[in-house]
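Worksheet for the structure shown next.
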């Protein structure tokens with residue numbers, strides 16, 4: 001086992017604080033509308049240029065092991081905030097640095113770190129309550145666009161395209177971000193439920209222009225096994241033919257005699273039918289078939305529930321207004337399922353999302369929710385170069401997370417103003433314990449840090465601006481984009497409540513851990529000079545009688 005260095009007390013905290021400052025100073029230059037870029041080296045290819053706090057934090061690894069521990073703890077603040085709220089990583093880092101900086105002064109002066117921590121926790125609970133009281137629900141498309149713009153470093157085009165996407169697919173719909181082919185951002189919307197399976201035979205195509213099969217007002221047969229024998233299908237086909245309506249068959253596989261008969265009937269015009277494979281694999285396939293059944297108001301024909309193909313009636317089949325089947329995708333538009341059933345299914349999947357342990361499972365479950373809730377929007381990010389594309393894409397993803405957070409918990413005044421107003425509301429908070437009160441006091445001072453940093457990055461004088469904002473009321477704050485004061489909500493400078501709340505809670509949590517640290521154990525640096533010399537390669541060859 002390698003030798004370890006153990007460092008105690010003030011020296012341990014001082015080294016950790018140095019690490020915190022190095023990381024936070026690199027991250028905080030990106031804060032605000034006039035925040036700067038940070039360039040990140042890549043082991044191959046062009047460097048990455050970013051204004052995303054968590055991207056900067058993730059790149060930082062310090063040489064000094066004790067400093068690095070401090071840096072890694074603050075990196076955790078940024079990552080955790082990003083995971084929960086999807087934005088606010090720079091604000092969280094700035095708050096953590098401010099709480100550590102103020103707190104380490106008190107600890108150095110001899111105050112009890114555990115009492116300080118209790119005070120910090122009480123202050124955070126009170127501030128979060130005030131933020132919730134000040135929160136305003138986001139109702140309009142304009143507010144959603146403003147939140148998106150602020151998160152994307154005041155890029156209005158990003159806010160607008162996200163608001164448009166939410167208008168089209170609803171606030172629960174899936175919105176994905178992809179690389180575009182042009183210089184401009186584009187929005188592509190797929191209405192209804194789409195899954196990645198196409199027709200099993202090109203002979204099903206009835207729209208040669210689009211190379212797709214379009215079924216108007218069709219029935220939908222959902223079967224969880226393979227269909228090879230046409231005899232099993234005949235009762236269903238006869239009933240559908242009598243109703244003079246098209247049929248979509250979704251099964252694990254349709255092949256052999258069954259597929260050949262369906263193709264022949266389609267070509268002869270006897271029956272309009274299309275067969276596709278069921279989406280997904282294993283248990284996920286069963287779940288997705290059940291989703292389609294609920295969306296279309298049908299049943300999954302499965303032996304487990306006592307249903308067989310021979311006994312299927314029209315009441316067991318799903319229905320939709322229109323279905324489009326391409327080579328690789330099938331889209332079900334306006335399924336006939338009951339709204340209450342769809343809502344119940346969505347709730348059920350949401351519970352599974354909360355319980356899911358892997359990111360992959362969570363992502364797949366979220367896709368299912370979106371498909372049931374009403375569509376998929378794809379934002380295609382346009383840029384001139386690959387480097388710009390990466391930077392822009394990261395900003396659009398941040399903005400998307402921020403708007404989702406705003407829809408979830410509402411909005412507060414942006415630009416650090418919400419925290420200052422919360423500070424004013426809890427200014428008289430006291431516990432009767434002087435050391436805990438010191439913890440409360442240091443948090444109330446630290447919440448000024450985001451506004452101070454926004455002003456500093458804009459080239460202003462932080463103390464002057466903070467005093468001016470504290471003298472105002474309500475949403476009165478400082479717009480760093482054009483150096484003016486006014487109502488932040490009217491100026492469209494908004495922050496999602498969830499982002500501000502999460503940033504404060506995570507910053508205080510990690511800062512408290514740092515302040516209550518009394519010893520640090522790290523691997524001792526290896527002494528390079530003590531390494532043994534390499535053995536000589538040609539020793540003993542001097543006397544060769546030359």
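Positions of Cβ are set from backbone N, Cα and C atoms, glycine also.
Now, the feature entries from Swiss-Prot:
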BINDING   30-33, 51, 87-91, 415, 479-481, 495  ATP binding site
COMPBIAS  536-546  compositional bias 'Gly residues'
REGION    527-546  region 'Disordered'
Around the Cβ of residue 30 (ATP binding site), the count of other Cβ atoms that are within 10 Å: 22
Looking only at 32, 88, 415, which of these binding-site residues has the biggest number of Cβ atoms within 10 Å around its Cβ? 88
Work out the three-state DSSP category of residue 495 (ATP binding site). strand
Give me the long-range Cβ neighbours of residue 495 (ATP binding site): same chain, 6+ apart, Cβ under 8 Å, in sequence order. 88, 147, 150, 411, 412, 413, 414, 415, 418
For a quick check of packing: other C-beta atoms within 10 Å of the C-beta of residue 51 (ATP binding site), how many? 21
Secondary-structure category, per DSSP, in which residue 51 (ATP binding site) falls: coil
Which has the fewest other Cβ atoms within 10 Å: 90, 480, the binding-site residues listed? 480
Which secondary structure state does DSSP assign to residue 30 (ATP binding site), in the simple three-class scheme? coil
